[in-house]
Every structure is written in C-alpha cells, then in structure tokens.
Amino acid sequence: MCACFSGGCGCCSSSDDHDHEENDFREMRVKGRRCTDVFCFGLFAFFILTLLIIGAYGYTHGDLYKIIYGSDSFGGVCNRKNPNISVIYNGTKETYPFGGNDLSNKKYLFPMDIRNPSKSAWICVDQCPPKTFSTGKEMYNYRKSNGTDFCMYPKIRQKFNNKHLSSNTGVCPTFPVFKSESILNRCIPSDLIEGAGGVLDNLVDFINSFDFVRGIARDLVLLWNEILFISLCALGVSLLVVFLIRFFAPIVVYLIYALVVASTIGVSSLLWYFWYDASRKADLILPTAAIPEGTTTNRLSFEIDFDARTLLALAVVSTICSIFLTLIVWCLWPRGTLVIDLFKQAGKAVSKMPSLLFQPIITSLVLLLFLCYWGIVFAYLYTSADPYFHMLNRINSDSPQEYEELPIIKYDIYPLLRYMIWIHVFGLIWISEFIFAAQRMVIAGAIACWYFAKDRNAIGSPMFQAIHMLFRYHLGSIAFGSLIITAVKFPRYIFMYIYAKMTGSKNFVVKYLLACVIGLLACIEKCLRYLHHNAYTVIAISGQSFCPASKTATNILLDNAVNVATINSVGDFVLFLAKSMVTFAVGCFAGYSFHSNPKVNYWYISAMLCAAIAYFIANCFVSVYEMIVDTLFLCYAEETAMVSRSNGSQHYADADFHDFMNTTLQRERNYRRVPAVENNELEMRDRNLPKEAA
C-alpha cells in the first residue's frame, strides 16, 4: 500500500512532477519517487471490492447446475432432488404447485415439441430418445421394456386427469419424437433430414445451429490432443524466432522479407490454380454428370459456378495483397541494416534480462485465471434471476378447452441484477486492460533500470526492481490509463451489439451512423493505446503521474516524429511479419493435418483456431522486442533532452548507444533528404544566375 497520498486522478500536473525534472536524470528514476494517481488507485480498489461483493451475491443466489444440466419448465434442475419453489404472484408469495420434483439421475432436457422449441415445455429425462417414435403406442411399449418415460411428471399428469394428450404442453410429447443426441445435456435430433422434413422454419434454424455447434464440438473433442500439440509447436516456433532474432539478426531480417514475398506469391498461385481447376471441372461435369433427384440443373450450375467465382475473388484479392507486400518489402529492403542494428541493441537488453521473455507467460496465466473467475461469477449471476409464473398456450387448437394453458416457470432479470451484470462486464474490460498495462509497465521499468544503471554488471535484477516500483508507486497510474481505454472500449462494444441486432433493419441511416461511431471509437482507442504505452514508459523512467507522463510522451513523439516513424515503419513492421509468418506456418500445418482426417467435419474451423492460438503466442513473445525497441528509443530521446537542458552538467548513461542512435538516424535522414537537397541546390543555383549575370 502506498505510504503517501499525494496526487490524484485528474490531468493537472503537481509541483512534484516539475521539481523532479531538475534532479539528476538517473537518480530521479530510483530515488524520490512518490505514489502516483492515488485517487485512481483508491477508485480501482473500491471497484475490485464491488466486484467481489457482486461475486458473493451471485454465489449465494445463483446455481451452476442450471447451466451444466439445465432447468426444466417447472423450476427444477436436472439430476437433482429439487425443493418447492415460491413465486411472487399478484403481490403475494405462493408455492408453485408443479415444483419440488425429484429429478435425480435425470440429466437431460427434453422438449415436448421439438418443432417449436421456444414455445414448448421442457422436462428432464434419464436418456434422450434412442430411436424415432411415430405413435404413442411405440413410446408406451418402449417405456414398459426400458423404463424411460418421455411424458410429464406425476404432478402434472394429475392436473390433466392422466389423459394422454400430445402437444407442446404435454402430457406426452408431440409425435413423431425424433431420435436425439445429447448436446450440452440437451436432447437434439440427430437426423437433420428426418427432423427438418415437413416442419416449420424455426425448427430448421434451431437444429442447424445446434448441428454446426455439435460438429465443431465433435471436432474439438476429437482433435484436442493435436490442437494441444500444435499449440506447443507454435510456442516452440515463437521462441525459435526470438532466438534467431537475438543471435542471427542479419540473416533473419532478410529471410523474413524473402519468406513473406515467397509465401504471398505461392498462395496467390495456388488460388489461381484452384480457380482454373474448379472452372474446368464445372465445364466437364455439367454436361455429363447425373443430376440428383429433386435438384434442378440451374441450382447445380449455380453452386459450382459460385465456388469458382469465390476462388476467383480470393485469387484477385491475394494477388493484390502480394503486389502490395512485395512493393513494401522492396522499399524497406535498403533499410534492413537499421532493423538489424535495432535488434542487436535490443538483444543486449534481452541477454542481460532473459526473464523478459517469460514475462508474457506470467501475464497470460494471470489473465487466464481472471477470465476463469469472471466466467464462473457471470454464470452464477446469470442464474440468479427471480422465477415468475408464465402461462404457456397450447398450440393444438383441437385440444379440450380446460387444457389450453399450462403454468410454467420463467426467470426475470430484475433491475438490480441487470446493473450488477453490466458492472461485471465493465470489470472484464477494465481489469484485462489493467493486466496488459502492468505488463507494459514492468517491461518498460526493467529496460529503464538497465539503461540508466551506473554499473550494469552490479544492477541485480531489473525485472524485480520494475515489479517493486509498479506495486509500490504506480498502480494508480496504470489503473487510470486502463480506465480511459475502458471508457472508450465499453461504449464501442455496446454500439457493436446494437449494430448486430439491427442486421435485418431497413433503417440505413441509423446503421450508417452506428458504423461511423464504431469506427471513430476504434480509431480513438488505437491512438490512446499507443499514447498510453509510451506514457507507461515515461512513468517507469521518471516516476511522473499519468497525465504529466502522457504530456511528456506526446512532446517526445512530436519532437521526434520523423525518428519515431522511421523506427515504427521498419522495426515494428518486420516484427509483425515475423508474427504473421509463424501464424501462417502453423495454420497451414494444422489445415494439412486436419484435412487428411476423414473423421473431421469442419477442419478449417479447427485450423483457424490453431492459427489464432499461434498468433496470440507469437504476439506475446515477439512483441517483447517491440516494447524493448520503443522503450530504448524513449530513453534515448528523454536522455538527450535532459542532457541538452543541463548545459553539459549531465552525461549520457550509454554513450555507445547514443552514438549508435545518432549515426543510424542521421543515415536515415540523409537517405531521404538527398533528392530534396539536390533539388534545393538546383533551385538556388537558378536563382543566383541572374544576379551573377547582372
């Protein structure tokens, strides 16, 4: 806990921040620090306490069994002996007459009418229908031989006087009852053709969505060991890339350039070949192939032609991207020496602090633990809704009048619970941003401690010093910065949700305005994130509060705009290409492995999942180099400004690095300015000729 309570959460500089600037440039980074943005730290601590209270409320009022096994239409949870339910009805608390059922060993939710799942009563059964029952007699005979009952509970049968009615409200299900399989403990028809034949459109959508999820779930269960192995391979490849950048930078930089060009050209060539092959097969198949029964020639032609046109579009887009990337690589090829020198300097820091490479693993583990906790609390909150009576109308119009309605239980998210859910979602964004900000601060602090150390051989562990400074002084600053990002990100997600809900809307003006607002907020978020990353580095260097550090970072970026553009356009782009190559290689390997497995339904989904995991892993490790390069440049720029203001009373912490940066950046400036200088000389010569002649 901070021992001092000066500072705040506003953007007004304190006098202490200005006084620090007059102290010795290196000493002020270790001594004289004070707690920054303490008010924001207190606000963040209060918010954490609020989240814990919300979690405790969800734990005491929620029930995870409702999600794991599901809840029937009568307030009971499957696979459990349920107590009686009390419901507020017309201002009085009443006991629900159909609750309190013993559903032990009944693990599966089963609908009375699968054709209308949203308008059907659901009950718990001990198994899903193993076959299709066309009549009540078939189901009755199966119950006598097997003991499984797909009709209502005894309490509900008594209400209907034990009549064997068949409808969405019971007593027995609507026939035919299709053969079903358990998906997340819900009985879903396994034969889509049989289940979708001659039924309503909502059944088709309901079943198709579950069928797609079922196929993906089967693939993930089948391939989980391969996905784990490929993820470990991605981890190994990422570490190998970092190792090669550290020790073989001159070779790796140009090798990345060559591999990117070769990969993009190869992908474009394959897509053109696939398009040619698909077009040729379409021309050969259509005249001779037997058309399936019930399928028209036009429909078959449309499907094949659509496939060929899709490949053509992909080939054109891939070719344009290949040309674009090739031109970029051609322009950046002469600047490869700058990238090599930058990576060599960053490699010195990595060699002194190899623990920097393991810091992303720690961040990922902390983030994973938080996400697990957040998901469990959200599940408890979601199941904390209050029960209420709802009259379910019978769809069959020929049923007796006295059985038209069935009182069932539904759940209402009351206002207080809705507010708690919104706060919980807000906490997901804020704490996630806080964790990433802490990672940036630790890496920047470690680099700053190493850069400004008087004796780098006796510095100890810069990583632990950076962690100590973060937790001792600057938790409020990263809480403030992450709160600003969250204040932009949270409404953007809300607008994205509203935009997704308006997919079928014809109000194009509102949709266009929403799209503009979403794009504007995304741009603001990216700009703020880049500024905050540099502000965290300044905080680690100088110990300022967040707002003065943001001002300092902005001034540094503006004063060194050309140098920043040079480093970012070259170094960061090469690192992005390295991450992309790891993703591409892992994705191709996963796609080739899964495509050859005949048991896999959606191999491309699993391959895309492996590629996403590979990019996340590569980004965690390769981005460490990006942070190191950016931090070293800010240290160099801030030190240069401080030495200039000291009028020679201070000296550079790393004269070799300072000379390297000056030489490298001057070489880049000369590389860009040579044509302009020649043009200026010609203009001056033309202007002076008349004067000399006169």
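Using N, Cα and C of the backbone, Cβ positions are placed for all residues, glycine too.
Annotation comment: TrEMBL describes 38-59 (among others) as transmembrane segment.
Taken from TrEMBL, the feature transmembrane segment applies to 227-245 (among others). With a threshold of 8 Å between CB atoms, the same-chain residues lying at least 6 positions outside the transmembrane segment (227-245) that come near it are 220, 251-252, 343, 347, 350, 357, 578, 582, 585-586, 589-590, 593, 606, 609-610, 613-614, 617-618, 620-622, 624-625.
The transmembrane segment annotation in TrEMBL covers 252-275 (among others).
The feature transmembrane segment is assigned by TrEMBL to 311-333 (among others). Remote same-chain partners of the transmembrane segment (311-333), defined as residues 6 or more beyond its termini with a Cβ less than 8 Å from a stretch Cβ, comprise 254, 257, 260-261, 264-265, 267-268, 271-272, 274-275, 278, 569-570, 573-574.
If you look up TrEMBL, you'll see 354-382 (among others) marked as transmembrane segment. Long-range Cβ contacts of the transmembrane segment (354-382) within its own chain (Cβ-Cβ under 8 Å, at least 6 residues beyond either end) map to 51, 54-55, 57-59, 61-64, 67, 239, 242, 417, 420-421, 424, 427-428, 431-432, 435-436, 438-439, 442-443, 446, 461, 463, 620-621, 623-624, 628.
Among the features that TrEMBL reports, transmembrane segment is placed at 419-452 (among others). Away from its own ends, the transmembrane segment (419-452) comes close to residues 25-26, 29-30, 44, 47-48, 50-51, 54, 57-58, 349, 352-353, 356, 359-360, 363, 366-367, 370, 374, 377-378, 381-382, 413, 459, 462-463, 465-467, 469-470, 474, 477-479, 481-483, 485-486, 489-490, 493, 532-533, 536-537, 539-541, 624, 627-628, 631-632, 635, 639, 653-654, 657 of its chain (Cβ-Cβ under 8 Å, at least six residues beyond either end).
The transmembrane segment feature in TrEMBL is assigned to 473-495 (among others).
Annotation comment: TrEMBL describes 507-524 (among others) as transmembrane segment.
Annotation source TrEMBL lists transmembrane segment at 573-595 (among others).
What TrEMBL records for 601-622 (among others) is transmembrane segment. Same-chain neighbours of the transmembrane segment (601-622): 212, 215-216, 218-220, 223, 227, 230-231, 234-235, 237-239, 241-242, 245, 357, 360-361, 363-364, 575, 578-580, 582-584, 586-587, 590-591, 594-595, counting only residues six or more beyond its ends whose CB sits under 8 Å from a CB of the stretch.
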Item to check | Beyond the flanks of the transmembrane segment (573-595) by 6 or more, those residues with Cβ under 8 Å of it | outcome: 219, 223, 226-227, 230, 233-234, 237-238, 241, 245, 252-253, 256-257, 259-260, 263, 328, 332, 339, 603-604, 606-608, 610-611, 614-615, 617-619, 622-623, 625-626
Item to check | Range from 38-59, 252-275, 473-495 with most C-beta pairs under 8 A to the transmembrane segment (507-524) | outcome: 473-495
